[in-house]
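Feature list (source: TrEMBL):
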type	residues	note
REPEAT	26-108	repeat 'Solcar'
REPEAT	123-213	repeat 'Solcar'
REPEAT	247-336	repeat 'Solcar'
TRANSMEM	30-51	transmembrane segment
TRANSMEM	184-205	transmembrane segment
TRANSMEM	248-268	transmembrane segment
Amino acid sequence: MSLSAAEEESAQEVHLPADIDWEMLDKSKFFFLGAALFSGVSAALYPVVVLKTRQQVAQSQVSSIKTAISIMRLEGIRGLYRGFGTSLMGTIPARALYMTALEVTKGNVGTGIVKLGVPEPTAAAVANAAAGLSAAMAAQLVWTPIDVVSQRLMVQGSNASTACKYLGGIDAFRKIIRTDGLRGLYRGFGISILTYAPSNAVWWASYSVAQRVVWGGIGCYFCKKDDENDGGSGNGNGNALRPDSKTIMAVQGFSAAMAGGVSALITMPLDTIKTRLQVLEGDENGRRGPTIGQTVRTLVREGGWSACYRGLGPRWASMSMSATTMITTYEFLKRLSAKNQEVLA
């Protein structure tokens, strides 16, 4: 793949290794290694998710540091990993669905749009947005029930803990089914789609644009440097830049962090509402849990509209770190899983 620096302004080009599409992957290796790599990423980031969830269900604003100290003092390190086993069980099939939908959609949409005569940069952004949208919707079929169970476990021991106590993921699953039926496991499914689908679309499109901007900036920098070394004559050597793997990963990580921060800010209110809907259980006498409107009114009553942004710090950090580790891990995984390693040079 070749990205022209500063579009038409510079002859300097950045030559990156060939992109790896769905047809080039060894699927068995892709899914097996993906399960292992993303499980490790989930374990590293899970405590931040717990902090975010505790803040979102709290009835007053409490800082991330105070929340973390409280959890460690009362529950120890185990409190930061409540529900992790359940979450991990869902991560593997959800990631498999996510990656399959992502790659298949990106390849098909990208190819179709290019055939219509759309410029490559625009086609890449649209294909990435469509891929992120379809991947999020596919993954939520598995992830929403896991999210409901794991978040119920996360808040146990907090001041906002629900009346029902769970002995573990299986016990929580049984009690939710007994109390609310299958609908209880898919509580917040609609708003999860509204949260994650646009968020993923925005993220993947932003990531595509951010990468192009960053590489364009790098191309401009080295072109200017060449001109200076050539005495300002403008007759630089015109050699194409061939960045090493570390530089490529650094640019990917930086672009992912930028996209993750923007997505976190845009979708934070929806995520807070979703978390509350999933954590608050229905009454055992058959009364339904709160609606979206009731949840919003409760949040506003507790702390104004700013209450919808409780947990923004941990979520911003979580999404930025998750995006950075996810994309570098994902690109590394694709290269490890390529059928023909020779085409990657």
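Even glycines carry a Cβ here, placed using N, Cα and C.
Please treat TrEMBL annotations as automatic predictions, because they have not gone through curation.
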Long-range environment of the transmembrane segment (248-268) - Cβ separation under 8 angstroms, sequence gap at least 6: 16-17, 195-196, 198-200, 202-204, 206-207, 210-211, 214-215, 218, 308-309, 311-312, 315-316, 318-324, 326-328, 331-332
Can you work out the mean pLDDT of the predicted model over the repeat 'Solcar' (26-108)? 84
What does DSSP give as the helix, strand and coil breakdown of the repeat 'Solcar' (123-213)? 73 helix, 0 strand, 18 coil
